[in-house]
C-alpha cells in the first residue's frame, strides 16, 4: 500500500512537470532559442551523466531502477525551478519555500524508499543515493552551493566504496553504476561553479516569482489550456533553507553600510523615559523590541506514526535486532558462520552475540553495548552515538563511520585488528594489560596534509594525539 501511494505521488509529480517541461529545450518557448543558457547547460547534464546513470540502473533493475526513477523525477523538479528562476526575479522567502516543495518531496521520497527496503540485496546502492540526494537542495544554499554538493557527495562515498569492494572483480556493471552516479554530482559541481557560484541565479527582468509561478509552453491556438495538476502534498522544507534565506537578508542589510540608519527616527529629549519619568506611568501597551532570532521549530505531527515494535529474529541468514529500548539482556546464541547481524535503532541496551558469525552492523544506535565472540568479516558502526563494543575473541576489521562516541575493547587475540574511521569523533581503543585491566588510547581525529613536491603527505597533528 505504501508503494502504491509512492507511485501515485510520483505520477502526479511527473504530470505537473510535463505541464512545465515538454522535453529539453522546450520550457517557456517552442525552441531552445528562448531558454536561458544555464537551463540549456542543465539539459546537457540530464542528457549526459543522468541518462547514463538511468540506463545502467535499468540494467541492474530491481530497487536500483526504482530509485533511479525517483532521482530523475527530483532532477526534473530542479530543472522546472531553474526555468522559473531564468524568467522571474527572486521572490519573497515564503514564495521561494513553496517553489522548493517539489524538490523537497522528491528528496524525502528517495530517502523513504531506502528506509522501507532495508532488507534489499542492493541496500548499499540505496544508501549511497539516499545519503547524497540532499545535494538537490543546493538551489536554496548561499553563498556556497558548490561545497554543499561536494559535502553530500562525500557522504555517499562510504557506501560506493563498499559496492566497489564487493563487485570490483565480480560484476563490472556495478562498478560502472558507481562511476555514472558519482559523475552526476561531479558535473553538477562544475555546473554550479560556472552559473550559480554564490547561489541560484535569478532573472534581472520579468515579474517577481510567486508560489504558483510556472514556465509552461503556450497552448496551440484555438485550444483551451489544460487544467492545472493536483497540488503537491505538503512536505516540510529543510530548516537550512530558511536559515540561509534569513542570513542572506541579514547580510544584505548589513552591507548597506551607513545607509542602514537612514530609516531611523530621531528621538528628542522629551521623548526619553529616563529624562521624563512621567512617561513610564502613562497607560497603553508597552512596545517591546524585536525578538531575537531563533531557529524554526519543526512542526508537530498531530497524528504521529506509531513506534515500531522491537524485533529480535533470524530472517534467512540475517539476525535482525531493531528498535530495542532499555533492553539489557539481549542474547543471540544459536549462531552459524554464514550468518550476519544487523542492529538498527537500538537505544540504551546491551547485546551479546555468542559463537562465530560472519559480520555485525550497528546502524543508528545510541548508548548501546555490544559484546561478541568472533567475527570473520567486519564489524561496522554507522550513524551511532555513545556505543561500546567488546571483542572476546577475534575480529579482522572494525569500521566506524559518522559516529560520535565509540569505545572499542580489544581482546589479546584481536590486537592485530584494523580500525578504519571516517567522519567520527570521541573514539577510543582499549588495550588489555597483563593485570586484566585496559589502557585507553584515543583514535586521532585531526590531520595535517602538506605537498612535498611530488605527492600529498598526511600526518596526525600533535594536538590530536
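Placed from the backbone N, Cα and C atoms, the Cβ positions cover glycine too.
TrEMBL: automatically predicted annotations, no manual curation.
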TrEMBL feature region 'Disordered', matched against 261-309, 310-358, 359-407, 408-456, maps to 261-309
Model confidence over the domain 'C-CAP/cofactor C-like' (306-443), as mean pLDDT, sits at 93
Residue counts for the domain 'C-CAP/cofactor C-like' (306-443) under DSSP, helix then strand then coil, are 3 helix, 86 strand, 49 coil
